[in-house]
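Per TrEMBL, these features apply:
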- 115, 116, 117, 118, 119, 120, 121: ATP binding site (BINDING)
- 113-291: domain 'Mur ligase central' (DOMAIN)
- 313-427: domain 'Mur ligase C-terminal' (DOMAIN)
C-alpha cells in the first residue's frame, strides 16, 4: 500500500502509537491518533510527537473520522477483539500492527524472535552477535526501541533483529523474516488470547510468510514446537538442552555443539559464558543458530556469546549486603519465567512474588521451589491467591506485604548471611507499576537504600 496521502488511524497513544504516528507523518500519510481513555491528556501526547499536524481523539471516535480512514494501525496493547477494532474489519479497512507498518517501510533482512520467555535476552544476544559481524544492525521491538522509530534508517544491506510479542503477531500481513525463532510456548497472556490454543496459533504466525529458503529455529524440548516444525515451509532448525540432535544445536554435558549436514562444531563450553542457568544456555543456542544461518562465521559467534553479559531485570545481580545477595528478576512476569529464576539460584532464597493477575496457575512454579525457598514474600493483586496455593501444596511459609518496599525490608530483616533475596514475581507489574522495568528499578533502589 502506498501510504502517502492516506488517512491512517493509530489506535493507542503510548510509545508504540507515537512512534507509528511519527513514521506515518514522515512518509507523507495523514495520521490520526485515537485512545479509548476519555481523560487522555491530548496536549501531553502532542508534545511527544515531532510531527505536530496530528488529530487526536479520546473516548469516542466520530463517525465522520471513521468513514474517512484508509488504514488502521493498532498498538500492541490493543486487543483485536475489541468491538471498535472488529468494526474496522467489518468496514473492510486494512488493520496493521506497528510491526507490519515498520516492515513495509523498512529495508534489509529481518531476524525475528518470539516465544513466551527468553525473548529479550535472546534478542539482545543476537543483536550483539550481528553488530559484531555486520555494519548496519538495528535491534528493535519489545526490547525497548520501537521498530517504527528505526525503519526509515534501514538500507538494503541492513539487518534488523526484532523481538516480537504475540500481541504484535496478531496483526501481521506481509511481515516475513529471513530467520525466525520460537523459543518456547507456555501459558501466558490468557487474559488477552483467552485459550492456550489461540495463543499457540498466534505465536506460530511468525512463519506465515517465510519461504523454503528461509529458516525457523525451534525448541526441540517443547512438544508443541517439535510437532510444529515438521509441517512448516521454511527450513526447521532445532535446539535442545537435553539431548543430542542429528542436526541442530544441542548441549552435551557442559558443551554446546552445532551439527549440520556438513560438519560438527564445538561452539562453546558453558563455563566460558557469562550467562547463568540452563534457560540462558537455550537462549545462547537459539541466538547462535539464528546467526549461523544468517551467515555469521562460527568464530565470530563464539567471541560474541562469550563476551555477552546478562540483560537488565533478568536474574540480574544487584549487590550483596550483610552477606545476603540480591537479584532482580522483574522480567519474570509469568510462572514459567519465574521457574527459570529460582532454578538459577544456588543459595537458600527469600523470594518476592505476586502482582497483576493474568489468569495463570501457580502450582508448577510453587512445585519447582525444590526446598530452595526459605519464605515467599508476596505483594500485589495475586498475593492471597498465591498464598492459598502455597499452603495447599505445603511448599514454604508465606508473608503478605503491602508493597515492594515493605517486601524488601522484610527480606533484609530476616535473611541470613549466605542466603539470597530474589525478586521474581511470576506476575505482571500492572496495578503497582507502569511496567516490569519500573518494578525492577524500584527494587534496586530499595535494596541500595537498605
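Using the three backbone atoms N, Cα and C, a Cβ is placed for every residue, glycine included.
DSSP states for the domain 'Mur ligase C-terminal' (313-427), grouped as helix (H, G, I), strand (E, B) and coil, give 36 helix, 30 strand, 49 coil. Averaged over the domain 'Mur ligase C-terminal' (313-427), the predicted model has a pLDDT of 94. Other Cβ atoms within 10 Å of the Cβ of residue 116 (ATP binding site), summed over all protein chains shown, number 22.
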